[in-house]
Amino acid sequence: MDPPASKSDYGISQPASASKSSPEASGKAPNTSAQRVMASIQNDDERLLARIGYNQELRREFNKWSTVSYAISILGVLGSVPATFGSPIAAGGPATAAAGVASLAYTISQMIFAAAVMNSPQLEDGSSAFTPSALQTVLLAILILCLFGTICSLTTKALHKIVLWFAPINILASVSICIALLVLTPNKRSAEWVFTEVTDGSGWGSKGFSFLLGFLSVAWTMTDYDGTTHMSEETHDAAIRGPVAIRSAILVSGLVGWMLTVTFCFCLTDYDGIVNSSTGLPVAQIFLNAGGRTGGTIMWFFVILVQFFTGCSAMLANARMCYAFARDDALPFSSFWCKINKYTGTPVNAVWLVVVFCTCLDLIGIGSTLTIVAIFNICAPALDLSYVAVIIAHRVYENRVRFIPGPYTMGIWSKPVNLIACTWVVFISVILFFPTTKPVTATNMNYAICVAGFVGLFSLSWWWIGARKKYTGPRTKDIIDMLPTEDPDDMSFP
């Protein structure tokens, strides 16, 4: 969990001993410095930001619709479902995929080359005349990362105008593609086959376990939905709009993702041919079978476009996390990475740090596909486990730290939902660390657990060796001492 870059979407924590009494009630004279500080804070967004130790540095341009659009685009079901559809189909059959509904630059690169394969001549044995090399895939991925970085370096106002279109295009393209596939695909599969056919394609000797392995698709797609929290310093009324956007994105993306997955299953006319497609992505072959080269390429273009939107959104979230860590002096050379560009009003240095870091990761793919896949495989469980860590920490310390709920709360449903969330994340994370096929060899081994172990060991070592002596989190003291004590009943929200 990154250090807060804005007001909390969940509430404000204070020490249990904090007093709610005002200066007047305690018989003390009002703090004139505090009055001046409060007078300079224009609205509740900046007021709460000050209470957790930050001055407003970024411009608030994101409104209700652009925030929801951003939340939907970072899930990007039209891009993510086709990219991962092959895993549940190969492991457990169509019922696995239908039940469950970053490597983004690398994935987009693979998608673009899949389009090239779709339009290349066929050899006598039926294979494609063009096969992209690892070097070509990585170089294209680096170019895409640079495009992400360029877009994310724009002003917040420009980003608001661009992001506003991400969700409508995603949803409309998804619905249109589903209709086109169902109309153009002959001899579609029956509903009974789609919803009941479960196979043991994993080799583990259990249809039930193969079914669970198929959740890789939904786990990879339905994650990173906390992206709006990283943009909250640039969002009007973030304490309300952030949580609402997350809830809306999960509902919309879950529905659209399930619709896409079921449609793809109905169109699995040649099961073996599609799963073993020369394009490398089964959904690309489904498009090719239904629409031919022209129609298939047009549909595939929108898949790539939506995946590009997802990449931009993810880059934006990562850059804001980097900026937030640097602002808390948690990174080497933090003073440089947390600088706000005077022309754009955004943390451009942090954006390009993320671009360079992601480029280094993608370069690994030139020498070892196994290593890069292992790194990508850790994304879903790592993100989900980071969410659970915050939930557990809150429950452990809720009686030691006074917690003032924000304007958006789940009330009595909070604890049951927390329990379900923690149980599910731990369960699915264990499943995602298993190899997807058996017998397990050096080639098909899931090395994500090794990457997770390395990251955990490195992080703990870094913390105990020196970071714990330097990192203090939000610099709240200078500002909090100047502010009057907060009464939650005195806080207004639109």
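The backbone N, Cα and C atoms fix where each Cβ goes, and this holds for glycine too.
Owing to the predicted nature of the structure, the values given are computational and were not obtained by experimental measurement.
Over in TrEMBL, the protein carries these features:
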REGION    1-35  region 'Disordered'
COMPBIAS  13-30  compositional bias 'Low complexity'
TRANSMEM  67-85  transmembrane segment
TRANSMEM  97-118  transmembrane segment
TRANSMEM  138-155  transmembrane segment
TRANSMEM  162-184  transmembrane segment
TRANSMEM  204-223  transmembrane segment
TRANSMEM  244-271  transmembrane segment
TRANSMEM  298-317  transmembrane segment
TRANSMEM  348-366  transmembrane segment
TRANSMEM  372-397  transmembrane segment
TRANSMEM  417-434  transmembrane segment
TRANSMEM  446-465  transmembrane segment
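Beyond the transmembrane segment (417-434), the same-chain residues lying 6 or more positions past its ends with a Cβ under 8 Å from any Cβ of the stretch are 212-213, 215-216, 219, 377, 380-381, 384-385, 387-388, 391-392, 395, 410, 446, 448-449, 452. Sequence-distant neighbours of the transmembrane segment (67-85) (same chain, 6+ residues past either end, Cβ-Cβ under 8 Å): 97, 101, 107-108, 110-111, 163-168, 170-171, 173-174, 177, 216-217, 220-225, 227-228, 231, 235, 241-242, 244-246, 248-250, 252-253, 256-257, 260-261, 264, 281-284, 302-304, 306-310, 312-314, 316-317. Fewer than three CB pairs closer than 8 A are found between the transmembrane segment (162-184) and the transmembrane segment (372-397), and contact between the two stretches is not assigned (pairs 6 or more residues apart). Within its own chain, the transmembrane segment (298-317) has Cβ neighbours under 8 Å at 70, 73-80, 82-83, 102, 104-105, 107-108, 111-112, 114-115, 118, 144-145, 147-149, 151-152, 159, 162-163, 166, 169-170, 173-174, 176-177, 180-181, 224, 227, 230-231, 283-284, 287, 290-291, 351, 354-355, counting only residues six or more beyond its boundaries.
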